[in-house]
Structure formats: C-alpha cells, structure tokens
Ligand code: DX5
Ligand code: ZN
C-alpha cells in the first residue's frame, strides 16, 4: 500500500488547524509541504512561518518538505528547525547536488531530490545510493490542480528498475495531478509515496478520500 502525502498547498489556509486535525484523523502517514520562491518556479507559496505550526499541529506525521527554490542550501537548516523530517531539493536548482544532499543528511534528516518532467531519471545514477527519496514531478512544478503528465509512468518504471537493480533504499514519491483514477497506475509503475493536493483537500470528505487513496 502506498504512503499518502496530502499536499497542504491545496488546503484551506484560513482553517489550517482544522485541516491539520483532519489529516491527524486520517491514514495519511506524511504531510507534504511545498515551498516556492517565485524564481525557481513562477509562483510563491509559503515558508517557515506556515510550516512550523503545521508540523506542530500534526505531531504523529512525517513532514516532507519540497523545496522549489533556488539556492536551497541557504534554507535547509531553517526548515529542519521548523520540523522537517525530509527535505527535497530540485536537481535543476543544485549546481553541487552531492554537497546539498550531504548537507541535509548531516542535519540528521532524510534527503530527497526532485526531478522536473524534462529531467531523465538516469541523471541520478551517481547520487542514488545517497538518497532517501526521489520525487518524480508528474506536472511542471509551481501550481496545484494541473493535469498528470502520462509520460511520468514510463519514468517511474525506469527509476524503479534503477533502484531495485542495485538494492538501493530510496523511496519513489510522485507529485502532481494524482487522482483516484490514476493512482493505481502510478503505484503499479513502482511509486512508494503518492502526493495529492487538490484531489484530497478539494474532496467533500477529506478523511475518506485519503482512505480511498491508501486502498488503490
Ligand atoms: C506542485 C507541487 C505539488 C502540488 C500538487 O508544484 O509540488 O505538491 O501541491 O498538487 P495537485 O495534487 O493538485 O496536482
Ligand atoms: Zn510538491
């Protein structure tokens, strides 16, 4: 069964406490927190002042911070202090990716690398042994509510093979356009973690919908 990571980008910011309570009452193991800087992606979301209270209000959950920002090395310590259990940086934003991964791991938390739709999974070959997770973006990052890019299925399968062949431990997380209609195909291709924003927080019954994702 996949790990479910509701993305708070699609949550109701006026009622964050209530949204956290719903997640606490659900079978979602992770909370996905999207940080956007208006430079790496053409949108600005939220940062430490939002992430810190959300982490505090969801104490039993694993806090998965997805940094869609330039120069992530300047901020990883702040996000760790805010409650991150994992920090994921973008391959396309890191000139010294290996150093960035080491920096995150030295903080005692998990390190992930995210790939834009145009970035081949094969480019991760030399850092894969150091990674705790790979985030395959199945939309172009920056916005919730976009349509799943079908080619991502093929990418997930290739990454699954790369990980299994060498018995690496990195989890495969897939983010963008995940719905109850395509979740099973994503899991069958090899995903371990499903991120879902609008299809969870936009649902009439958030807790029940998370249960349905878990059972795909
Ligand atoms: C997009 C973000 C996603 C976003 C997914 O750049 O990384 O985490 O919240 O939203 P949905 O599930 O609505 O595509
Ligand atoms: Zn994300």
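Glycine is treated like the rest: Cβ placed from N, Cα and C.
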For the divalent metal cation site that TrEMBL assigns to 32, 34, 66, which of 132, 164, 175, 181 is also named?
175
Which one of these binding-site residues has the most other Cβ atoms within 10 Å of its own Cβ: 142, 177?
177
At the Cα level, what's the spacing in Å between residue 177 (substrate binding site) and residue 32 (divalent metal cation binding site), rounded?
14
Rounded to a whole number, what is the top Cα to Cα distance in Å among the residues the record ties to substrate, namely 7, 66, 142, 143, 144, 145, 175, 176, 177, 197, 198?
17
